[in-house]
Amino acid sequence: MSYPARYAILAVALLLACGLQIHNATSFLSFSAWPAWPFDPGAMNTDQVILAYAVLPRAVVAILAGAALGLTGFLFQQVLRNPIADASTLGISAGAQLAIVVATLFMPSLIDGSREMVTLLGAAAATAIVFCLGWKRNFEPVTMIISGLLVGITAGAVSAALTLAQGEYLMSLVTWNGGALSQQDWSTAGRLAIEFALALGVSALLVRPLHLLNLGDTAASSLGVSVVSIRLAVSAIGVFVAAGVSAKLGMIGFVGLAAPHLARAVGIRHQLPALVASALAGALLLWICDGVVQFVAQTSAEQFPTGAVTALIGGPLLLWLLPKIRHAQRPASAPPYEIRRAPRKGFLLLAVLVGASIVVSLFVGRTEEIWRWLSLAEFDQLLPMRWPRLLAACAAGGLLALSGAMLQRLTSNAMASPEVLGVSGGAGIGFAAALTLAASPTQWQLLAGAGFGAAVATLLVLAYAQRRHLEPDRLLLAGVAASSLSSAILGALLAVGDQRAWQILNWLGGSAATVTASSAISLAALGVVTIAIALAFVRWLTLLPLGYTTNVALGMPQRTARIGIIACAALATGSASLLVGPLSFVGLMGPHLARQAGFVRTREHLFASFALGAMLMLLADFGSRNLAFPYELPLGLFAALVGAPYLVWQIGWRK
Amino acid sequence: MSAIFLDLSAVTYSAGQKHILHGIDLTLEAGRVYGLVGPNGSGKSSLMKIIARQVAPSGGRVELEGKPVSEWAGRAFARQVAYMPQFTPDADGMTVRELVALGRFPWHGTLGRFTRTDADMVERAIARSELDAFANRPVATMSGGEKQRAWIAMMLAQDAKCLLLDEPTSALDLSHQASVLSLVHTLSQERGLTVVIVLHDINLASRYCDEIIAMNSGRIVAKGAPAEIMNTGMLRRIFGVEIGVFSHPHTRQPVGYLM
């Protein structure tokens, strides 16, 4: 892009931002009535005080926070060589949020004085986990983003569970999570300015080694760059700035993701100018977004937090960025290790295990402090209430794990899971739409909304999968984008903070308690049908992990296979997530455990995944009913909380 | 002269703005081994991918046994042409026998039964590639040369009339290079297979191929028997460097060396 065009774009953006700002400010208080500089609160009327200590600092905060986020986005994208890295996609903001929730609940005194410290700890912990997960795979972009999503989902699940448990106290916190920019004085602006200036200075010093990282770790270190320390230093700056913004304003997603790409889109290629331009682009972006939010708030009654609005840009932006991700260079193939194959007896053992968990679920009960076997009379009484729930949990777990197994084979990526497919994300968006559109939605309207959303998301993913030379990784990332968009929308609605928020929190947790006999039976029937379909696809599922080239060479119908399998997995996931909510890691854990146990051949892998998924969900159900007895924990959240540590251990630390 | 197996006329290929192949005309006869040579970036791999139907050409016509390749159904085409890419994917958790059995997909399809014939073809392919001892080993635990042989066995089980091999020897040491290529050469003679091999080493090409096709900058610059290609003038045209040629002391075949 030529220089004049570049400046023209900058001028237009500046004009737009200033125009919005001036319109919003003057419609609040006409310009002639503005207080004189320097401000003297003693000599002002109320409106003048609001202008000087709320409206104007808000604009400055938007600019500074936007610049800071743009800077972090640039740093993370550079240091990880990953065009979609950002505090929100790496799960850093979610970690900060969780830290605030935990501190508010258990150490409220901490929050008062050192809110910044708390968020910094949370953000650093989340970053450390994501980086550890990525370390083994050479910070390969897709793995990093999926790890970030998983850490983000988990942190979000814990936050949601805590909020559900202690609701009354935390609702204000949920509002903070939405990223509200409103100000009461200039102190936030001042602190942001200091932090931003500090970070900008230090990162400007690190620009040169950062540039060399583009060559890859090996080449960079052979040129004398200390790769590890540069990566640590730059990431530390990024976390520091992101946590600072988080502590003051809450979650403002995707500004950091967009800014460096805006800078690059106008043709800035060199490092230092790109760094400055990213900050500038972030500043303008957030300023404009906040201007629009205030403009809408003036003309209509709804006041959305600015962070929720920027998050809406995130999903489409991610989709647009996907083609820019370099084809993931798979790390040199792992040292060969012999997979212990399960003997035929393995299935017998599996059947025994599943049977045992069914028996335990049916017959063990808890009263007060005592665990005991139910007497036959009690069992008779409880059975009509228990069996639909057990059957439904089994079927849902099995369906999720089976879809996970199919998707992992389809994408030849062991991190693929139904959560990442975006179908449950679509269901979440549909649910949110039903909540917003209907005045007082019935259970059926909500269900229809969720079903419709899941169908639309599936169709979108299918349309994307139609493309001939689609790398399977891209499919995963498209799902990640849908999931992010969904959580952003749900977060925005949560942040509004009325009774809809409770319904959303309940939906996130899954509604196992509302299962009826008929819905349980239909879910089980779907389970049987899905197994049958998966078995019919067994040869495709064997060939798919070998990749596009081999599949074409053997004459396999690529497109048909892909569409058939995705449609099947989406149907299974959609129905299961109506029961357990949009997040549980059963779809990821089932197939993993099955492989670990030596069920490697396709047919065995599918069967074992289903069985293990059913078993996991049964155990999660048992735990969610009994652990906090007499209270019941949300099934989906419980499964996610148990599953997440296992996955972190699996991905990161297993030899 | 034997029957025309594959016929390319005026085939072009471009990726974005970059033109990779400029009008390739090429006829391959059944039952011969062709060596595709040329410097890096000359379009060898692209040509292979077009023949293997992995990518569609930007222009021109490719016909297999007189019928445009785009009109062949997927599995019918795979029964004619087997293709081994330059980098074979990891066959995660599969044993050699399971990998070789995948080669039968073009015959039994998605839902068809895995018949006695299928099983026999798999066992024969394993035996022919001298992999009997490895049949139950996981592919992931094998060395580069053994892995390469396992993939060739899979192509044999595919029972196609034509094998396309994209640099099958690039990761192998000298003795494995020789064993893989002589296996391919013998197979071609035994079964009347048409074989196209992309090779970097002009001497290996002249030793194991019936005919050499030389490419440079997206064009075919020479095609002929090794004896016709292996002379200083021709090699200069192909590779742009001075390469001398002498007679092999035993086989009397021409051997090139860098001057």
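Glycine residues also receive a Cβ, built from the backbone N, Cα and C atoms like all the rest.
TrEMBL annotations: computationally assigned, not manually curated.
Worth saying up front: this structure is predicted, and the values here are computed from it rather than measured.
The transmembrane segment annotation in TrEMBL falls on one of the ranges A:4-23, A:444-463, namely A:444-463.
Using a cut-off of 8 Å between Cβ atoms, the transmembrane segment (A:419-438) and the transmembrane segment (A:117-135) share fewer than three residue pairs, counting only pairs 6 or more apart in sequence. Ranked by Cβ pairs under 8 Å to the transmembrane segment (A:142-166), the stretches A:88-111, A:117-135, A:347-367, A:517-542 are led by A:88-111. Outside the transmembrane segment (A:88-111), and at least 6 residues removed from its termini, the chain residues within Cβ reach (under 8 Å) are 76, 117-127, 129-130, 144-145, 147-153, 155-156, 158-159, 162-163, 166, 169-170, 173, 176-177, 239, 242-243, 246-247, 250-251, 253-254, 256-257, 311, 314, 318, 480, 484.
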